[in-house]
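Working notes for the structure below.
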Amino acid sequence: MVKCKLFFWLISWFLKVKNGEKVWKFLRSCPENCYSDPQFAFIGRSNVGKSTLINALANKKIAKTSTKPGRTQLLNFYKNESEKLFVDLPGYGYAAVSKTKKDQIDRIIAGYFQKDQPISAVFLILDARVGFTNLDYIMIEYIIKQGFKLHILANKIDKTNQSTRAILLNQCKKLKLNCLLISAKNKNNLSKLQELLE
């Protein structure tokens, strides 16, 4: 009986994957990296849509989202149907948190990006309406200095015009960084992002 249930569960899982339904799951929240497997890291300022992007990739709501910045304050780990790990890092630059909390978040981020971490690639997410900020430039310099592969994801392009998007792409070109314009909300260009995650 148990074998039959397992068989039907495996068939159901296979059909979900075959039909394009993402089989993602939340693993755990940690103040430091609690896994040694290769992983993709998502980082950005508070409220740029990191958690919304995780949900869009998973095709279901597995990450908690909020209109209030600073919701994510730990490392949140997820795994997809291919057993790949994804990490949603705390957002930086939110002024309305206490200095103690800000220092804690800074320590978590700095601790995660140590040179010996098993990070396959880092995706720094921007709010396309705002563009690059000084804090983004500092974070970009730090990640590159640590030797990690970096991609820029300009999110919320559904709320921008062609001129703003052209400026963003030109800024990325000057920085010599790969930049992808996306909308986690409308799922624009998520298929191109999926290719980078292969």
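Start at 1 and count along the chain as shown; that gives each residue its number.
Using the three backbone atoms N, Cα and C, a Cβ is placed for every residue, glycine included.
These come from Swiss-Prot:
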{"type": "BINDING", "residues": "44-51, 70-74, 88-91, 155-158, 182-184", "note": "GTP binding site"}
{"type": "BINDING", "residues": "Ser51, Thr72", "note": "Mg(2+) binding site"}
{"type": "DOMAIN", "residues": "36-198", "note": "domain 'EngB-type G'"}
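Feature map: annotations from Swiss-Prot on the structure.
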| residue | record | Cβ contacts under 8 Å, 6 or more apart |
| --- | --- | --- |
| Gly44 | GTP binding site | Lys50, Gly91, Tyr92, Leu124, Ile125, Leu126, Asp136, Leu153, Asn155 |
| Leu74 | GTP binding site | Ser29, Cys30, Pro31, Pro90, Ile108 |
| Lys156 | GTP binding site | Val48, Gly49, Asp127, Ala128, Arg129, Ser183, Ala184, Lys185 |
| Ile182 | GTP binding site | Leu53, Leu153, Ala154, Asn155, Ile157, Asn188, Asn189, Leu190, Lys192, Leu193 |
Determine the most Cβ-crowded residue among the binding-site residues Asn47, Ser51, Pro90, using a 10 Å radius around each Cβ and all protein chains in the structure.
Pro90
Determine, from DSSP, whether Ser51 (Mg(2+) binding site) sits in helix, strand or coil.
helix
Let me check the 10 A CB neighbour count of Lys50 (GTP binding site). How many other CB atoms are there?
29
Within the predicted model, mean pLDDT of the domain 'EngB-type G' (36-198):
91
Under DSSP, is Lys156 (GTP binding site) helix, strand or coil?
coil
